[in-house]
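Notes for the one structure printed next.
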């Protein structure tokens, strides 16, 4: 496996025209690192149509209602099995998925999600929520740092969700899909790491995991920095690939340039008060 440094970023953002009335689709059949990147970039584009940018980073919507609150993503594995995953457009959370004539909703999915998504088929409420702590517990008390990622693991996750195998396989599948779809949409580094593992597997490194944990704080401080000449009100602690602490203190950091989506925060002009307009991150 080729090692990628923590500060590796993809400088080039390629936007693609995405029709607003269709799902985003990704099939592993014939997939390459390039087609995976195109899928992730199309998803980012769809999630941020008409939204502002802060330091040239697209900001997610601060609110949405009804079906507009959710983006559907259809994933197909190497065996041709497909599931359709529903993402919350405000924070890129996975809230539910459909396999055949059954839709499965995470325990913390909203009533609105249950009311508007996957109408006309059987709905099942899962006994665990969509945050990492709950999923890791349901997956057999395994930390996501010990769960391998890569195209083969995405394929297996889709298959387990499609068949909804009992036990720990589905919550483990959620952990794989969340990191390779939602987290990859948020961070170019995560997108890059996944795209490199078409025929191989890898376990998330400390940098990979610390970015996931700090997305909310990074989004907050980047938006506060607009009122502070680019400086953060509080440093954000991350980890390098070798697990050394490192701190991000302003928008000139290469870490900031590697962020692809920001969670929306409303900043009180003239103060450092910030009001989160969505749920906390995974």
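Just so it is clear, glycine is given a Cβ too, placed from its N, Cα and C backbone atoms.
A simple way to gauge crowding: the CB of residue 183 (active site) has 24 other CB atoms within 10 angstroms, across all the protein chains here. Residue 183 (active site) falls within a helix when secondary structure is assigned with DSSP. What Swiss-Prot records for 183 is active site.
Marked as N-linked glycosylation site by Swiss-Prot on the basis of sequence analysis: 25. Counting only same-chain residues at least 6 apart in sequence, those with a Cβ under 8 Å from the Cβ of residue 25 (N-linked glycosylation site) are 39, 73, 74, 75, 76.
The signal peptide annotation in Swiss-Prot covers 1-21.
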